[in-house]
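Undergrad: According to TrEMBL, the domain 'Sodium/calcium exchanger membrane region' annotation covers 5-144, 167-306. Taken from TrEMBL, the feature transmembrane segment covers 35-56, 68-93, 105-125, 130-146, 166-185, 231-255, 267-283, 290-307.
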Amino acid sequence: MLIEFLMVALGLVILIAAGDTLVRGAVNLALRLGIPALVVSLTVVAFGTSAPELLVSVQAILDGAPGLALGNVVGSNTANVLLVLGIPAMIAVMHTSGHDTRRDFFYMLAATVLFIALCLTGTLVWWHGIILLTALFAVLTVTFMASRGDVVEVEGAEPGLSGSKMAIYLVLGLIGLPLGANLLVEGSTSIARAYGVSETVIGLTLVAIGTSLPELATTVMAAIRRHADVALGNVIGSNLFNLLGIMGVAVLVGPIPVDAGFLSKDLWVMLGATLLLVPFVFLGRNITRLWGISLSAMYLAYLAWALS
């Protein structure tokens, strides 16, 4: 069993590193080709930073473990709200004002409701993927139209990066992502079988926490530097892409059955966690240290419930 846990750990490390190198290579290639910075930020960066979750979900479906794909996305979204916001808030108070934040939160909430409605059909199939990807395209289009003229700083941009380094980043990212995803999925499914739990539960817990580690590390470092305000926007963007982009692509690869336990518990926990952000986003309340402790405690309670 030690080997399986090492496979999961190694898979996560490779996924995170490969995702970062792919983003750096793709971003700089796009900018070199003259694509506007705003378009790069909304598409290349957004999809690139979600590449590890996407590859894990696709690999899980190909390996006959669709529950792992579903659990990964829903578990990651829940962890992003309760853990990725909770821990940094214990370090520094988060300010949540801003028109863009309110607009993007509305999109995330609508995406969450849409995703749950599709899950209530019992099985996610290809035409659900078309709906999700169409919704994502609509969100990106509206965001682009609303943000034209804004000065955009693109994450991962390196103006002086040579063509050879750019190519190396792209190749390493494209090789590393499927390799890491394969290790993570194989290790996770072996652990699930050994402990007699479903792939969905492993996806909701072990895999979800693992794929949320980059966001957690980023927000913790931002909080230490007293720039925790960026965390909420990052979480909203990540959750939106998880539901519309990752699940949209995943169900085009293969159908994903939604088991009864998932319908009765985990989807509603994700929605409840999302609704917890309403007073912060729309009333301008700060996420204080007390709230940070509360959010983190809620996540630990949810983990205990999911594993029970």
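Cβ atoms here come from the backbone N, Cα and C positions, even for glycine.
Give me the lay of the land around each of these features.
TA: Residue counts for the domain 'Sodium/calcium exchanger membrane region' (5-144) under DSSP, helix first, then strand, then coil, are 118 helix, 3 strand, 19 coil.
Same-chain neighbours of the transmembrane segment (68-93): 53, 56-58, 60-61, 112, 124, 185, 188-189, 192, 199-205, 207-209, 211-212, 215-216, 219-220, 222-224, 226, 228, 231-232, 235, 238-239, 242-243, 246-247, 250, 256, 258, 262, 266-267, 269-270, 273-274, 276-277, 286-289, 291-296, 298-299, 302, counting only residues six or more beyond its ends whose CB sits under 8 Å from a CB of the stretch.
Counting residues 6+ beyond its ends, the transmembrane segment (105-125) has Cβ neighbours under 8 Å at 70, 77, 131-132, 135, 139, 236, 239-240, 243-244, 247, 251, 255-258, 262-263, 267-268, 270-271, 274-275, 277, 281-282 in the same chain.
Long-range contacts of the transmembrane segment (166-185) within its own chain (CB-CB distance under 8 A, at least 6 residues past either end) are made by residues 7-8, 10-26, 28-29, 32, 51-52, 55-56, 58-60, 63, 65, 68, 207, 210.
Within the chain, the transmembrane segment (231-255) has long-range Cβ neighbours (under 8 A, six or more residues past its boundaries) at 46-47, 49-50, 53-54, 57-58, 61-62, 66, 69-70, 73, 76-77, 80-81, 84-85, 88, 94, 96, 98, 100-101, 104-105, 107-108, 111-112, 114-115, 123-126, 128-133, 135-136, 139, 215, 218-219, 222-223, 274, 277, 280-281, 287.
Listed by sequence, the residues of this chain that lie at least six past the ends of the transmembrane segment (290-307) yet keep a Cβ under 8 A from its Cβ atoms are 78-79, 81-83, 85-91, 197, 201, 204-205, 265-266, 269, 273, 276.
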Undergrad: Using DSSP, what is the helix/strand/coil residue split across the domain 'Sodium/calcium exchanger membrane region' (167-306)?
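TA: In the domain 'Sodium/calcium exchanger membrane region' (167-306), the DSSP-based counts are 118 helix, 3 strand, 19 coil.
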